[in-house]
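K.L.:
When I checked TrEMBL for this same protein, it listed these features:
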- 71-143: domain 'Ionotropic glutamate receptor L-glutamate and glycine-binding' (DOMAIN)
Amino acid sequence: MKINPELGNLVLRIPHCDHKKTLWIQKIPSDINKVFPDVTKNLTGTILKVAVSKGLALNTVFVKDQYGKVKLAGGFCNEIFLILQKTFGFEYSIQIEDGFGKLFPNGSFTGVVGSIQRQEAEFAIDMGFSAQRLEVIEYLPPVVFATLRFFTRVPSHVPRWKLVLEPFT
């Protein structure tokens with residue numbers, strides 16, 4: 001099964017956080033079986049229930065249409081999801097959760113993970129990997145790898161004459 005050729009060469013442009021304002025570019029494989037190797041059936045007429053986290057996802061944007069229905073509105077995770085929708089012919093409904101999910105001592109989850117665990121949703125978009133979540137949900141192969149960086153404040157000014165002695169302090 002191939003991605004619809006009218007979609008052309010798909011490229012993700014990921015902003016890279018550095019002073020050069022560069023972009024990382026990753027091409028999406030045109031053979032859908034490389035991304036989802038076990039999918040062979042046609043999903044035409046199926047309505048997938050998709051759980052998303054309110055206000056926390058970095059790569060997804062949602063809006064309400066004129067009828068009050070939540071729709072995908074942007075972000076590269078949504079673009080990939082919409083490619084899958086066109087390829088496999090399914091429809092979707094979105095349910096918004098308060099977070100990705102917290103684990104309770106009894107083994108149940110809240111949020112997006114909880115809705116999948118309780119079979120209220122079949123799919124989630126833009127959620128990070130965690131060993132706890134792996135106990136109750138299955139992750140599809142990764143589509144994008146990104147670097148996460150931590151930043152600190154700029155150190156206070158050190159006079160030039162102290163720089164000579166700094167390594168010895």
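Positions of Cβ are set from backbone N, Cα and C atoms, glycine also.
Just so you know, TrEMBL annotations are computer predictions that nobody has curated.
Help me picture where these features are in the structure shown.
P.N.:
When the domain 'Ionotropic glutamate receptor L-glutamate and glycine-binding' (71-143) is classified with DSSP, helix, strand and coil residues number 24 helix, 15 strand, 34 coil.
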K.L.:
Express the predicted model's confidence over the domain 'Ionotropic glutamate receptor L-glutamate and glycine-binding' (71-143) as a mean pLDDT, rounded to an integer.
P.N.:
87
